[in-house]
Amino acid sequence: RQFPGCGNIVTFSQFLFIAVEGFIFEANFGRKRPAIPIRNYFIMVAMFFTVSVVNNYALNLNIAMPLHMIFRSGSLIASMALGIIILKKRYSVSKCASIALVSLGIFTCTLMSAKQVASDSSLNEEDGPQAFLWWLLGIAALTFALLMSARMGIFQETLYQRFGKHSKEALFYNHALPLPGFLLLAPNIYHHAVLFSQSEPFQVPVIGLTLPVMWFYLLMNVITQYVCIRGVFILTTECTSLTVTLVVTLRKFISLIFSILYFQNPFTGWHWLGTAFVFVGTLMYTEVWNSLGPFLRRRRRPKEE
């Protein structure tokens, strides 16, 4: 919120931390050979790096964080579309209905945000059209990142089918191999590092260490991102994909509500309606209702007996 263009230094810090951790504990200081040929990781990393950078820059283009979250929730649509085109998959009517609901929700929120940008821009006649054009460019960037992310998912799925599931290895290489690419963003990263260092001092609780508050925020972001990535990895190994999708969906919903309430982001009734469409459609797609039915019936049966 203080530095909207700081996405690159945030992403770089996350990648560096996860890469160092993976180099020590997964790659065993480079002594462990990857199970999946390294050339495949380079392709995956190129996609992953592009998606991360484009999503970061979208925040510089008049894209509010709630819209950013909602738009990225449309990954189901992109995955289904590319699955039909590339993998020749076929989906049931309920799956298509859920995707239509998600699409309607994203369209509603995007349209309402467009009207907000247009009305805010009208306060300044000179900047108005330019601000709206930047917003349209932001929507185009989010759409591109969404499709690229879906393509990466399909590529990853085909790799796992051929070589087996190696999620922790993929996590390490997805974060380690792109690190040289951040040299292209070095001026921007250095610029924000200087700005971070000039922020007001903050005393860390318990430790008593004093450091610029933005560096403290960045440290907390990196730690929570690492916990999130590790948590998803544990879920994928311990739970079904349905449970993982459900948990991640609920996490997005909580993040969205927190962002609206805590940061007082503008959110109208139409936005709430669009958000409801997105998340109900996502839950429909995971078919959680079909799984909950037998579970609830099993719980009722002992009581009836």
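Cβ coordinates are placed from backbone N, Cα and C, and glycine is handled just like the others.
Any TrEMBL annotation is an automated prediction that lacks curation.
Panel annotation: around the transmembrane segment (12-29), residues 168-169, 171-173, 175-176, 178-179, 182, 185, 189, 218, 221-222, 225-226, 229 of the same chain, lying at least six beyond its termini, place a Cβ under 8 Å from a Cβ of the stretch. Annotated transmembrane segment per TrEMBL: 12-29 (among others), in sequence order.
Here TrEMBL flags 41-59 (among others) as transmembrane segment.
Taken from TrEMBL, the feature transmembrane segment covers 65-87 (among others).
The transmembrane segment feature in TrEMBL is assigned to 99-119 (among others).
As annotated by TrEMBL, transmembrane segment applies to 131-150 (among others).
The feature transmembrane segment is assigned by TrEMBL to 171-190 (among others).
Feature annotation from TrEMBL assigns transmembrane segment to 202-220 (among others).
Taken from TrEMBL, the feature transmembrane segment covers 232-263 (among others).
The transmembrane segment feature in TrEMBL is assigned to 269-292 (among others).
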In contact by Cβ distance (the transmembrane segment (202-220), the transmembrane segment (171-190); 3 or more pairs under 8 Å): no
